[in-house]
Amino acid sequence: MTKPSPVDPHAFPDEQAAESALRPGSLAEFRGQPRVADQLGLVLDASKHRGTVPDHVLLSGPPGLGKTTLAMIIASEMGAPIRISSGPAIQHAGDLAAILSGLVEGEVFFLDEIHRMSRPAEELLYLAMEDFRVDVIVGKGPGATAIPLEIPPFTLVGATTRAGLLPGPLRDRFGFTAQLDFYETPAIEHILVRSAGVLGIQLRPEAAAEIARRSRGTPRIANRLLRRVRDYAQVKADGRVTEPIARAALELYEVDELGLDRLDRGVLEAVCKRFGGGPVGLSTLAISVGEEAETVEEVAEPFLVRQGFLMRTQRGRVATEAGWRHLGLTPPTSGAPGPDLFS
Ligand SMILES: Nc1ncnc2c1ncn2[C@@H]1O[C@H](COP(=O)(O)OP(=O)(O)OP(=O)(O)O)[C@@H](O)[C@H]1O
């Protein structure tokens, strides 16, 4: 196992406290995703106006874009408590029934990774979402009876990185659904400036821009890079984060101008230099960079593809012209070699 990369979008186990400190507490402070924030604001205002609990909310999108943050904001905007759990933690319907029956009126129930819940729990959730009721099964076999149990009205906030995996009947029970997208660089700059304020870091605007460009449109990565750059500034300079300090720190952490890390560059370099631009199969590629095929496929490739540096074709991975150029290499032909050149 290689050590975690600073541009991994997943949260590290020791990062929770640092992340909590940087969560914006209100919709007004939540930067980026303007459409989602506006629509959600309307849903919350309307429910306050009517004096009812807000509709159930489904948030989908890649890790680190603010799903948990938005769930907490919904609770705080409604002045309601929040209960947090996750799909993998709920293996039996009884686990879910216990949580639901313990909710207080108006509580926000945040269910992360909702697509990983067990089937029986999912069915129990349908009823709870629709009728604020759960059926508790007493006894076993033919003598088993279902005793309906009222639960107080609550708002379910479901989060998923894989909206496509949710069964239709579950998706249909959410009154409001939002897809979070990668952030534009200026929004990430705003987030960095706010985080620097919270952490008491003197961050020059050019340095914020530099870090933002390398953050892959992901607030979690931006905040993490900011903390690393701050460490560097404190140890190697006077603590102020200037552009040269940010550049030097990010170079040390092997995060390049566009946010590629060592693994991303290694994969791209292998495709270009060792395999003539491709196509090369995933397992061969993984062996050549000394990584698991899964890591190459799930960690490095999505960003390389998003950047337009790599293509996944039926016959293997192919570097694009932009990919060659990002490494400072000249593509072998006017464009990247197409799969047909290698037949
Ligand atoms: N719009 C935003 N403004 C400011 N900070 C943000 C924003 N979105 C996310 N963050 C920060 O990024 C970090 C990660 O956000 P969060 O935990 O909400 O992501 P997530 O989508 O729930 O990730 P996961 O899918 O891994 O659970 C937090 O520290 C949070 O404060």
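For all residues, glycine too, the Cβ spot is worked out from N, Cα and C.
Predicted automatically and left uncurated, TrEMBL annotations should be read as such.
TrEMBL has this to say about the protein:
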- L22, R23, G64, K67, T68, T69, E130, D131, F132, R173, Y183, R220: ATP binding site (BINDING)
- 53-184: domain 'AAA+ ATPase' (DOMAIN)
- T68: Mg(2+) binding site (BINDING)
- 184-254: region 'Small ATPAse domain (RuvB-S)' (REGION)
- 257-343: region 'Head domain (RuvB-H)' (REGION)
- R312, R317: DNA binding site (BINDING)
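For the ATP site, whose annotated binding residues are L22, R23, G64, K67, T68, T69, E130, D131, F132, R173, Y183, R220, the maximal Cα to Cα separation is 37 Å. In this structure, G64, T68 are the binding-site residues from G64, T68, R317 whose C-beta falls under 6 Å of some atom of ligand 1. Note: the Cα of F132 (ATP binding site) and the Cα of R312 (DNA binding site) are spaced 45 Å from each other. Summarising the environment of Y183 (ATP binding site), the number of other Cβ atoms within 10 Å of its Cβ, over all protein chains shown, is 24. Comparing E130 (ATP binding site) with R317 (DNA binding site), their Cα atoms are 46 Å apart once rounded.
Of all the binding-site residues listed here (R312, R317), the one with the fewest other CB atoms within 10 A of its own CB is R312. Ranked by Cβ neighbours within 10 A across all protein chains shown, the binding-site residues T68, E130, F132 are led by T68. Its Cβ placed at the centre, G64 (ATP binding site) has 27 other Cβ atoms within 10 Å. The two recorded residues, R317 (DNA binding site) and L22 (ATP binding site), have Cα atoms 38 Å apart. The CA atom of T68 (ATP binding site) is located 31 Å away from the CA atom of R312 (DNA binding site). DSSP classifies E130 (ATP binding site) as helix under the three-state reduction.
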